[in-house]
Amino acid sequence: MEKSTPSLGAVIFILCCCCCCCISHVSCDASDHRYKEGDSVPFYANKVGPFHNPSETYRYFDLPFCSPDNVEEKKEDLGEVLNGDRLVVAPYKLDFLIDTETESICKKRLTRKEVAQLRAAVLKDYFFTMYYDDLPIWGFLGKFDSEDQDETTATKVYLFNHLHFEILYNKDRIIDVFIRNDPKGVVDLTEDREVDVDFTYSAKWTPTDITFDKRLEKYSQTSLLFSHLEIHWFSIFNSCLIVLLLTGFLATILMHVLKNDFVKFTHDEEAVDDDEESGWKYIHGDVFRYPKYKSLFAAALGTGSQLFTLAILIFMLALVGVFYPYNRGAMFTALVVIYALTSGVAGYTAASFYYMIEGKNWVRNLILTGSLFSGPLFLTFCFLNTVALAYNSTAALPFGTIVVIFLIWTLVTSPLLVLGGIAGKNSRPEFQAPCRTTKYPREIPQLPWYRRTLAQMAMAGFLPFSAIYIELYYIFASVWGHQIYTVYSILFIVFIILLIVTAFITVALTYFQLAAEDHQWWWRSFLCGGSTGLFIYWYCMFFYNARSDMYGFMQTSFFFGYMACICYGFFLMLGTVGFRASLIFVRHMYRSIKCE
């Protein structure tokens, strides 16, 4: 009996699941603590930054708070560092079930420079994040008000110097924690002078009936409100309606036209003169002519296939609950690990297709495949990391993390890419073309403007974008804001609809292109399929100007820089979907007729 060997995709899938399950297991265990009265509870201060600029974050003790002589830092995993977290032991002592009256951390005399620093932070709506037993805590540094909005000198700036912690517990477990600011516990920072500040805190423990397994539900309640769910389902209804209309349109028009074409081309074929042929039948000798820039085309398909696999696996992990609210860094860790492991998909797809269309230099093709997406991402990262370093922000990755990512790329991504390429090269696939390709290509007739590439890309990208634009707001508000996104099932349905609409509209435009006797459909179908990524980037500009309050060079650079990489990834992924759908359709169409 012959031994069966697992496919490359199966091996990658198993590795991805194992690695991401380990990530989830570690994250879950970190917060599953039971305590006795008087036990010390892990309490970490994380970072501070402007409320409206989620990427512009700084270390907690970068501001002149009460800092211990030796700041004890928490060991963080890769995802936490990529998320910009820099956890240090907080200067508060909140032991389990021990109420704390007003207790002083330290008394400090703020210099004029420190007063100016804190005043600027308060005016920019700086807020801090902390974690108590892995539960997130937020709070603003202070408040300001103005009697006359036209006179900045009338603005009163106050710093909260007292924090009151209210902690809910159920038996031996902590359920919730939040901060109350004492309106009287403030320090006036309006004037540019030295100020004496006594930083204090207090704590109150209160029993609750909420069970431990439901303590994170409040962070996802916003997404699950009836009004929000109604909007989500309206988005799905809108998308499904577009799919039904588009499907009906294609079924009615294409099947009617194709049926007439098949009858025309198969009826009394011996009596039909070649000169009388027209439309897509006329170019049967050119439609399977391989495209220009074979290596680049194969690399784009390989990279798009890898990103498609990455998206599906991320959705699978999200649907099983790995990315629960405030599972710090799990999403970033999963993205890095799965992207590295799926590089074999890119290598195999690119090399096999490259040899299928009679490519010769497979080494160059693999290099191009490996750098087609990661190259622009690396250049963008270098620029943005330099900006973050100039701002002394926690968004800047430390040298050790950069070394770890480089080692992952060197020891995992590159070898798997090469192994996938070798497997694709040795598979020796043959391109199945129903029609023979002539030696010389036919001349393409002059086409009207609406049949050219840019016009068709605009038409091809608009419908898929209109099917997802409602859901885009919630995604952007989560990634570039402070809302929590938890309805991954709805998002997955919208993603499937996006793939269907992209495939259908690309097939329709490919048919109309071939009917106009334009046989250069390979690149056109890829560009039309991926054009939705350009519409998403246009939405980025709209969101930045109309839906957000982000400001400053650093935040603007991070937003448009990383969104450009994400939209470019969508371009490659959806372009691959569009081409694959068009290839299946074109093969079926020309297989249904007799080609001389």
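For all residues, glycine too, the Cβ spot is worked out from N, Cα and C.
What TrEMBL annotates here:
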type	residues	note
SIGNAL	1-24	signal peptide
TRANSMEM	231-254	transmembrane segment
TRANSMEM	296-324	transmembrane segment
TRANSMEM	330-354	transmembrane segment
TRANSMEM	366-391	transmembrane segment
TRANSMEM	397-419	transmembrane segment
TRANSMEM	454-476	transmembrane segment
TRANSMEM	488-509	transmembrane segment
TRANSMEM	521-539	transmembrane segment
TRANSMEM	559-586	transmembrane segment
Task: Would you kindly list the residues that approach the transmembrane segment (454-476) from elsewhere in its chain, counting only those six or more residues past its ends and only Cβ-Cβ distances under 8 Å?
output: 223, 228, 231-232, 234-235, 238-239, 242-243, 246, 483, 485, 490-491, 494, 497-498, 501-502, 505-506, 509, 513, 524, 527-529, 531-536, 539-540, 543, 547-548, 574, 578
Message: Taking contact to mean 3 or more CB pairs closer than 8 A (sequence separation of 6 or more), are the transmembrane segment (366-391) and the transmembrane segment (559-586) in contact?
response: yes
- request: Quickly jot the same-chain residues contacting the transmembrane segment (397-419) by Cβ under 8 Å, restricted to those at least six beyond its ends, or write none.
  value: 12, 78, 81-82, 336, 339-341, 343-344, 346-347, 366, 369-370, 374, 385
Field: Long-range Cβ neighbours of the transmembrane segment (559-586) (under 8 Å; 6 or more residues past either end)
entry: 55, 287-288, 300-301, 303-305, 307-308, 311, 372-373, 376-377, 380, 383-384, 460, 464, 480, 498-499, 502-504, 506-507, 510-511, 514, 521-522, 525-534, 536-537, 540, 544, 550
